[in-house]
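In TrEMBL this protein carries:
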| type | residues | note |
| --- | --- | --- |
| DOMAIN | B:18-122 | domain 'Fumarylacetoacetase N-terminal' |
| BINDING | B:130, B:203, B:205, B:237 | Ca(2+) binding site |
| BINDING | B:132, B:146, B:244, B:354 | substrate binding site |
| DOMAIN | B:136-395 | domain 'Fumarylacetoacetase-like C-terminal' |
| ACT_SITE | B:137 | active site, proton acceptor |
| BINDING | B:237, B:257, B:261 | Mg(2+) binding site |
Ligand SMILES: [Ca+2]
Ligand SMILES: [Ca+2]
Ligand SMILES: [Mg+2]
Ligand SMILES: [Mg+2]
Ligand code: NI
């Protein structure tokens, strides 16, 4: 497109003018939360842009959606408003547009160095749902826990399996996670053990952020689902495998997951991801009509996980995967979620499920990478089967465009020892 | 106690001065939501009481917690404030206290006929968790779906099994519920069916309403759990058994439940329920230390379910049970929920699980009462195996005191046909 911003953007920046992801930040420790978009090494405070009257399109001119402490009100407005905001911001930031470029006072007020910004949760999450839509992950779990005959249950191929997650414990990247305590019954019929989890794991996921949503009782058609999806974040669905294993029959994961779920602070919009659309997977059996899309779209997003072992300076790549390994698309997930009449609200999160690739080096969890602790991973001088106290886990995600990169920043968290 | 209110309370009223349950209501269709307590056939608008400066205790004197559209802010204040509010209200409403009794203007403003009040959801529910803590229900489900050998899995006896529910679709009593659509695979390897649920059911539950809650990473001790529990409501965890059965392995119930969950509008406080405390069950094996209570307390609350079949004038009792059939107490549920560090927030709901008694006529769902549709129930002229379109399901709950009744009002909902 030849878009270029007057704000300096390094050639390897994840935040060029083609991206403009949304987040919520404090420019200084004492300030109120503001809504911003990332550009190069800066955050553009769009509450300042809004107060200056520069959102002059018909949908946003009189809206207070950017003078909020989270993005929910903006998300509720829907895709026409999202497109208007993007057009306004790309114009304001372009090197040919003088309004902001040549106004030193406004620029000073609106552009905050990203290094100084404290990032907060971008949305108030009403409900968080975690899907299980990656066939490699489902296969690996099936092989480990169910055996090689029919590792995947037949229902998996007929609907996007999911469970309700815990909304209260969703935290933003950089928040420490305390190792959870819980029960496990390691062997046979011995009484259960109780203590800090011995099998702390990550799950490499992305989450879709819901836009306007729907009223109770009014499903969203799969071919209209995209208009209800604002963007994507990276998500670490931290998992205590021992707790999860003992508690999860028959009602699914509970305390093995609910101690914390980390998301990246920047929501990359589907509009920014449009150049990275790729074909969805072949689905066999063909989906039932309510899940059948006119066009099945996935996104080509390179994902990587690093572990920085306790006390070390370096982090080590432990897996490389891609968001295109999604079997049920995010539109199918959303249509399925509402087909029973369940209402979604702005800011709800739909986790993708662990995004494993087809080969061992591309798996999305330590459970799979170490095959339930039987194959240790080397990280420089040390080895790991699960996460140890003081280890930091870092996810990255990016899309390589023609001469630019659209990135998600990072989603990181350090595991602290249980104080008990 | 010999407490008596100047407000006339019929001898069979569920809302004597000993009860004073909290709710949120509109006195007239256009008015803003107000917080109230039920007394006889009236709702006392406590925003009026607060504005008149009559909450004069040290904790509530300067609080705006009653000038809100839900109870969350009051819940956050904790038990000392709850006790202060109860003492103030019991005094103000007593027949020996002139302040309200003799002030016709204030009385007129504060006491609204319950018949005119539109009841709303009493809390904003951040997260809703549904436990599975009734041994009769767990046994019946096990017998139907797992067989008579070990109908209950060993983990059930070691921890209060639960799953995250859907918060967005919690509705107040009286809200119609649209029959959900979904998938089922009725037989063997045939392709799944899609359409309106053919096995609509209720689940007779109560839910505990969480008070102050806890920070992420800071568990609540089981012996302090009671201070985090404000009160109880009746809850109908509507369940589409066909959808649930096909989707729930391995991650638990999802769309079979998330189309709607109905709660009663009045939260009866644990303080009002104190006279109805009874011993908790013998637990074998003995609970792990983090679940071991100094005193194990249940509540003797008579529960009843009625169905008013479509087009009929009468409703028929289909089951009688009691909340004392809870295996894991509400304090144990709360302590377990937080032991991994999961944070609870004011207004969160903890569903008890289906409250079945030990005998067939006391089961808490049609699944159990009709033994998965094999034994039809007679309701006057008609029979039912599951809920049909136009049927209304009504729950009641009450505690019989010495000369008075503490009741929950009702929790009802009618199933409307799927419009698709
Ligand atoms: Ca997951
Ligand atoms: Ca239930
Ligand atoms: Mg999680
Ligand atoms: Mg429900
Ligand atoms: Ni939730």
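The backbone N, Cα and C atoms fix where each Cβ goes, glycine too.
Owing to the predicted nature of the structure, the values given are computational and were not obtained by experimental measurement.
Overlay of TrEMBL feature records on the structure.
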residue	record	DSSP (3 states)
B:130	Ca(2+) binding site	strand
B:137	active site, proton acceptor	helix
B:146	substrate binding site	coil
B:203	Ca(2+) binding site	coil
B:244	substrate binding site	helix
B:257	Mg(2+) binding site	coil
B:354	substrate binding site	coil
Inset, instruction - Filter the binding-site residues B:132, B:244, B:261: retain a residue only if its CB is under 8 A from a CB of chain A. Output in sequence order; output 'none' if empty. - result: B:132
Inset, instruction - Could you check which of these recorded positions, B:137, B:244, B:257, sit within 10 Å of residue B:237 (Ca(2+) binding site), going Cα to Cα? - result: B:257
Legend entry - Set of same-chain residues at least 6 away whose C-beta sits under 8 angstroms from residue B:132 (substrate binding site): B:138, B:156, B:160, B:161, B:162, B:163, B:353, B:354
Inset, instruction - Identify which of the binding-site residues B:244, B:261 has its Cβ surrounded by the largest number of other Cβ atoms within 10 Å, counting every protein chain shown. - result: B:261
Legend entry - Entries of B:130, B:137, B:244, B:257, B:261 (recorded positions) sitting next to ligand 2, with Cβ under 6 Å as the cut-off: B:130
Legend entry - All-chain count of other Cβ atoms within 10 Å of residue B:146 (substrate binding site): 13
Legend entry - Distance, residue B:261 (Mg(2+) binding site) to residue B:203 (Ca(2+) binding site) (CA atoms, angstrom): 10
Inset, instruction - Determine, to the nearest whole angstrom, how far the Cα atom of residue B:244 (substrate binding site) is from the Cα atom of residue B:130 (Ca(2+) binding site). - result: 15
Inset, instruction - Excluding B:130, B:203, B:205, B:237, please set out which residues of the same chain place their CB within 8 Å of the center of the CB atoms of the Ca(2+) site, keeping sequence order. - result: B:165, B:204, B:235, B:236, B:239, B:257, B:261, B:351, B:352, B:353, B:354
Inset, instruction - Sort the recorded positions B:130, B:137, B:205 by C-alpha distance from residue B:257 (Mg(2+) binding site) and give me just the closest. - result: B:130
